[in-house]
Each structure stands twice: as C-alpha cells, then as structure tokens.
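Engineer: Taken from TrEMBL, the feature substrate binding site covers Thr7, Ser8, Asn9, Gln10, Gly11, Lys12, Ser71, Phe152, Gly153, Tyr154, Asp155, Lys175, His180, Arg181. The feature Mg(2+) binding site is assigned by TrEMBL to Asp38, Asp70. Feature annotation from TrEMBL assigns active site, proton acceptor to Asp70.
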Amino acid sequence: MRIILATSNQGKVKEFQSWISEYEVVAYSDVMPAFEIDETGLTFKENALIKARAVYEKLERKDDIVLSDDSGISVPSLGGIPGIYSARYAGINANAKENLTKLIATLKENGLAKTPAFYTAAIALVCAKGEFCVHGWMHGEAIAEARGNNGFGYDPMFVPCGFEQTLGELDESVKKAFSHRARALELAYIVLKSLK
Ligand SMILES: O=c1nc[nH]c2c1ncn2[C@H]1C[C@H](O)[C@@H](COP(=O)(O)OP(=O)(O)OP(=O)(O)O)O1
Ligand SMILES: [Mg+2]
C-alpha cells in the first residue's frame, strides 16, 4: 500500500514526503500522466475530495490510498479573501509569486501593514474503504511585504502566532510542528492507521 499524493504543487509534495515516514509516498504524476482537475467546489473540503477522487478513479492499484490537500490563506479583515481562491487569486493561470504580490498589494491598498490571517488545509483520503476528510489551521498575521525564501506560496508574507519572522524566514521545522497541513496530517494519520 502506497500513499499517492493528488497534487501538482511541489511545495506540498516536498512537505508530505519529508513528514510522512511510515508509508511510501509518491506524487500522482509518477504513476500516471498529470492531468487538469477542475476545483469546482465551494469549500476546501469539497475541493480536496474532488482532487482525491479524480486521481483514485485513474489508479491501477486500488489498494493504494490517495491523499489530496486543498488549502489557502484567509484574511478576515478583508472578508476572508483569497480563501479557497488562493491559487487563482491573481488569475486562473497565476503563479505563486503573482498571487503573493497581489495579496501584498491588496493589503497596501487597504492601508494594512499587517492584519490577522490564517491558513486552512483540508486533507482528503480516498481508498477502497471509502472517503475521509480532515482539517487543520494555522493562525498568524499577513504582512504587506515578502521576507525569506523558505516554504512556498504565501509563506514570505505570513508571520505565525508566537513568532516575529515569516514562514519564509523561519526554519522548515516550524511548519512541520505547527502548520495547517501538519495539523490536518496528524488527524489523517488516525484515519490511515484505522485503514491498515
Ligand atoms: O503552507 C502553505 N504556505 C504557503 N501558501 C500556501 C500553503 N498552503 C496553501 N497555500 C496557498 C498556495 C496556493 O495559492 C493555495 C493552495 O491552493 P490549492 O488549490 O490547494 O493547491 P495548488 O493549486 O497549489 O496545488 P493542487 O491543487 O494541485 O494541490 O494556498
Ligand atoms: Mg489547486
């Protein structure tokens, strides 16, 4: 039994592969040709399930478990943006840098040097025994500048609660211990262990 990661985001692949030690973890594009998955859901949970199902349907080995992640950053003072639209914030084909630059510009336009923000991750598991979904969150502040090169996505503008530096500046061990994805993965492990 392997864990097949239903994601095209190399930052997520890197985190899951370094954090999950008990299982063989493979990016889905290593076992099938990569394909587009329309994230048409209205919640992180719906989108995570859409991604995991799409990959499980195409799997040859149905004894494998597909794990997906749908995640994003939300800024409550601006109505929760970009939320589930984080990956598409600067446009449908926007890259991570463009999304980061746009969110910084939006904070500046609203006169916000910093403002509370949080990351959400929904992790879905799809396998022969059924479908499961768990969540994790990480709270902190979004700041109107980018600092550091660690992590990915919005990390250079995110300062976690209890820290002064951004996730771009902090050691990767901080995300492993406290991130939305790590917290969701803790719960996913409980499900995984019950599936053995
Ligand atoms: O730990 C994180 N550190 C920084 N940024 C993050 C993080 N977690 C999610 N994010 C941002 C990146 C992207 O703008 C969006 C996820 O969008 P999301 O659709 O789930 O992922 P994606 O399109 O990059 O890859 P895929 O759908 O193939 O898994 O939230
Ligand atoms: Mg996506």
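Heads up, the Cβ atoms here are built off N, Cα and C, so glycines get one too.
Could you place these features in context, so I can see how deep they sit and what lies close by?
Structural biologist: Under a cutoff of 8 A between CB atoms, and with a sequence separation of 6+ in the same chain, the neighbours of Thr7 (substrate binding site) are Val13, Ala27, Tyr28, Lys51, Ser68, Asp69.
Sequence-distant neighbours of Asp38 (Mg(2+) binding site) (same chain, 6+ apart, CB under 8 A from its CB) are Ile50.
Cβ neighbour count for Asp70 (Mg(2+) binding site): 28 (other Cβ atoms within 10 Å of its Cβ, all protein chains included).
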Engineer: Among the binding-site residues Gly11, Gly153, which residue has its Cβ surrounded by the fewest other Cβ atoms within 10 Å?
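Structural biologist: Among the binding-site residues Gly11, Gly153, the sparsest Cβ neighbourhood within 10 Å belongs to Gly11.
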Engineer: For the binding-site residues listed here (Asn9, Ser71, Asp155, His180), which one has the lowest count of neighbouring CB atoms within 10 Å of its own CB?
Structural biologist: Asn9
